[in-house]
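What Swiss-Prot says about this protein:
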type: REPEAT; residues: 14-51; note: repeat 'WD 1'
type: REPEAT; residues: 57-96; note: repeat 'WD 2'
type: REPEAT; residues: 101-140; note: repeat 'WD 3'
type: REPEAT; residues: 142-184; note: repeat 'WD 4'
type: REPEAT; residues: 185-226; note: repeat 'WD 5'
type: REPEAT; residues: 227-266; note: repeat 'WD 6'
type: REPEAT; residues: 269-302; note: repeat 'WD 7'
């Protein structure tokens, strides 16, 4: 069954460079860009006005934001492999690069649901898990030089998954700190991974132009979503877990019904790459190479 979405607001030139990450935090949308800024936008008002602009210490730009499920911790990763942990209420931050034990050349990060641990991928293939309050390393897995492009924490806190340049996916048990599954299905870079809200399913996508759905416990593939004609850089489940949002480098945005594994909506308001997507209460939000933020709502939503 098809579902219609409408563009409800476009914030043109929201940043001065590509927008690489979007996260909903404490009632606001956070956007991060190659211009080294993080901006907060109102979710509540129709104009989605700018709430606050933060000049970050990321001198080469910001490409990843991660938020804990309780929304009390935000981690930002920059192109200089610098990592900062933020208090979203006060905007106070600390530089994890000052920790001599911290892995160098960090690329992406994710945070446990309670905000107590942070996991990182790195350009040299390591996956490191750190205690957030103390900044002490809990565990580290070496994937033998395979660039970790993306990472996610399961909402139940039991698993971490990382996607790599080689197409490999590593599912790690947080209880043991060891590999739980090595997931097959991709032979080209995996650029985005996402757990379902119930932590039962995992979506992975990238240069293969398809989205693979896995059963988390068994590691089995349960679906392949085909329809994109270009590299996919972002996937995200909606809060209920019945829909999956995906976006590619040619500006195509798709919504998938997880029960039927079928595409129910396609949007294409820009030809530029979409680097980031996020859900909010009335629909979803996308941003990318054209420096704009687009807000969509379901056609039946007032």
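Placed from the backbone N, Cα and C atoms, the Cβ positions cover glycine too.
As the structure is a computational prediction, the values presented were derived from the model and not from experiment.
Residues 3-24, 29, 31, 33, 41, 43, 48, 233-239, 245-253, 255 of the same chain lie 6+ residues outside the repeat 'WD 7' (269-302) yet bring a C-beta within less than 8 angstroms of a C-beta in it. The list of residues near the repeat 'WD 6' (227-266) in space but at least 6 beyond its ends in sequence, with Cβ under 8 angstroms from a Cβ of it, reads 1-5, 191-198, 201, 203-207, 209-211, 213, 272-279, 284, 286, 288, 296. Sorting the repeat 'WD 7' (269-302) by DSSP state (H, G, I as helix; E, B as strand; all else coil) yields 0 helix, 19 strand, 15 coil. Secondary structure by DSSP for the repeat 'WD 5' (185-226): 0 helix, 24 strand, 18 coil.
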